[in-house]
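Step one of this worksheet: look at the structure below.
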Amino acid sequence: MKTKFIFITGGVLSSLGKGLAAASVGALLKARGLKVTIQKLDPYINVDPGTMNPFQHGEVYVTDDGAETDLDLGHYERYLAEPMSQKNNYTSGSIYHRVITKERRGDYLGGTVQVIPHVTDEIKNAVLSLAEDDPDVALIEIGGTVGDIEGLPFLEAIRQLRGDLGKDRCLYIHLTLVPYLRAAGEHKTKPTQHSVKELRSIGIQPDIILCRCEEAITADLKRKIALFCNVDQDAVFSAVDVKNIYEVPLRFYEEGFDQKIAIMLRLPAKNPNLEPWETLVDTCAHPQGRVTIGIVGKYVDLKEAYKSLHEALVHGGVANKVAVDLKYVNSEEITEENVAEALKGLDGILVPGGFGYRGVEGKILTIRYARENRVPFFGICLGMQCAVIEFARNVMGLEDANSEEFNELSKNKVIYLMTEWFDHRRQAVERRDSSSDKGGTMRLGSYPCVVVPDTKAHDAYGVKHIDERHRHRFEFNKAYFDAMAQSGMVFSGLSPDGELVEIVELPDHPWFLGCQFHPEFKSNPMQPHPLFREFIRAAKTHPAGKR
C-alpha cells in the first residue's frame, strides 16, 4: 500500500491541541496494525527551536539523531512508542535555508527563486520524505493557525500535494474551537465557520472537522457545522476536554473518528486493540496512593517548558500505581532562610536541566537540603552538574567549586566546557569553543553509556549498556574524579571510553541520583523510563511523613 497522508490544520486560535490530536489519531491507527509516522511543520523562521526561550516556545525535544525539535514530537513518540528524527520536524527557517543553499550552489540554473514553486516544492519534498520508510499512514501537523501569514507557504504546499498524489491518498482534518458561552447557555459555531471559510479561500476543503469543546456538541450542532462548512455530518467530531491526556485516543475511538478516517482513506478495517490504553487510563483514575514531587527550576511559570518531565513523572507513577502531584518551585526565590519551608512536605525533589547562572544557587541549596534531609533526589543535566557542585562545596570543602559556565575564574571548575567529542554516530569528532555559535553546537542526540554494577542506576536499568539522549555543552571535570570518589560520590555511568561521567549517585542515601542525559525523552506511558520508575518508587517508600 502506498503511503496515505493526513494533514491536520488548526483554526480560531493556537494551543487547541493539534499535536495531541495527531498523536491520538496515530495511536489509534497503529492499534489497527498500521505503520504510522507523524511530522510537524512549524512556520516560524528559526532553523530549529534550540535557541528559543523556553518561556516563548516551551520545551525543546531532542531525538536520537540529535535534532532539536518541537515539544509535539514528544507527544508523537509517547503515543506511538516509535522514535522520531530530524525529518519529523521542519520549520520555515530550515526550509528557506535549504532553498537558499540550493540557490547559492546554482541548482536553480539562474532562475528567479520564488515562494511558488521553490519554497513550496521544498516543503513538499520534506513531507514526501516520510514515505521513504514505507509507513502506511503519515500524519502532518501544520503549526500555527489558519490565517497566519507565515503559514501560507505550508498550506499552499499541502494543497498542491492532493493534486500530486490524488484524493485517495490525502485527507484534510481541521481542528477548530467551538466555544461554550455560559451566559447564553450554548455553543457557538461562528468561529468554526469563519475558520473553515479562511481555509477554503486558500484552496483547501477540509474532509473532517474536529471541534475542540468543553462538552460534546449535539447532533444539531454537527448538522449546522456540516452545512456551513461543506462536510458530511458524520465527518464532524468532538474533541472534548479531558482530565488525563491519555484518555484522548479512547474518546476519539468512542466517537468513531478513526473508523471515519479508515473509510475515507480506504485503510484496512481491522479493529484496534485498545486494551493497553484502557488499562493505562484505569490505572491513572484509580491510584493506590499519592506522592508529591517538587520540580525546582527557573522556567516554572510555563509548565510546557518541562512537558516531557511532567509526563515521565506520570509514567513513573503509573508503574508504581500512585498519582503524582507536582509542585513547581522557582529556584530564583530559594534562599538559605526559606529553603526548608519552600520544600516542606515533598516526597521527592527533581532539579531539571537549564542554561545560565540565574536560579542556580537556589538549585544548589535545594540539592543540599535533599542530601542532608534524605529526600529522594533526581538531578537531570544541569541538575546533575549542580549536584556535583554542591557535593564539592559542602562535602569536599571546595568553597569556590563551580561550573565554567557560571564562573570562569573559579579555581575549582568541577564542571567545564566540552571542546571535543565524537558525534552520536561515533563517525566524526565534534569540536567547539566558547566562541562557537549557540545553535546546534551542543552534544546532541543518543550516546551509549556503560552502567556500573551494584549501583542504584544498574538496579534501575537491569543492564550494563544503555543509550540515552543528551543536550549539553558542559561536562564533569575528570580531574576531580578520584577525589570525589574518595569522598563518597559514586560514578555509576560512564561513556564507553571512560572519559565522560554520565551518572552520579550517593550510596548512603535513600535515592540520590543525577544523570547528564535527559531520560524524560525516552519514557512513554506503556514503558515508563527505569529512572523515573525508581525515583517515584523511592518517593513512595520514603515519603515526607516518614522521614
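A Cβ is built for glycine as well, from the same backbone N, Cα and C atoms used for every other residue.
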Would you identify which residue of Asp70, Asp72, Asp107, Asp121 Swiss-Prot lists as part of the ATP site it also attributes to Ser15, Leu16, Gly17, Lys18, Gly19, Leu20? Asp72
Besides Ser14, Lys188, Thr189, Lys190, Pro191, Thr192, Gln193, which of Lys40, Lys167, Lys222, Lys224 does Swiss-Prot list for that UTP site? Lys224
Which one, Arg251, Arg266, Arg473, is listed by Swiss-Prot in the same L-glutamine site as Gly354, Leu382, Gly383, Met384, Gln385, Glu405? Arg473
At 10 angstroms around each C-beta, which of the binding-site residues Gly17, Gly19, Gly354, Gly383 has the fewest other C-beta atoms nearby? Gly17
So what's the average pLDDT for the region 'Amidoligase domain' (1-267)? 95
Nearest of the recorded positions (Gly17, Gly19, Gly383, Arg473, Glu520) to Lys188 (CTP binding site) - Cα to Cα: Gly17
Determine which residues of the same chain, besides Gly354, Leu382, Gly383, Met384, Gln385, Glu405, Arg473, have their CB within 8 A of the center of the CB atoms at the recorded L-glutamine site, and list them by sequence. Gly353, Phe355, Cys381, Cys386, Ser403, Ile415, His472, Phe474
Gly354, Leu382, Gly383, Met384, Gln385, Glu405, Arg473 bind L-glutamine per the record; greatest CA separation between any two, in Å, is 14
Provide, as an integer number of angstrom, the distance between the C-alpha atoms of Gln193 (UTP binding site) and Lys224 (CTP binding site). 10
Diameter of the UTP binding set by C-alpha atoms, the set being Ser14, Lys188, Thr189, Lys190, Pro191, Thr192, Gln193, Lys224, in angstrom: 24
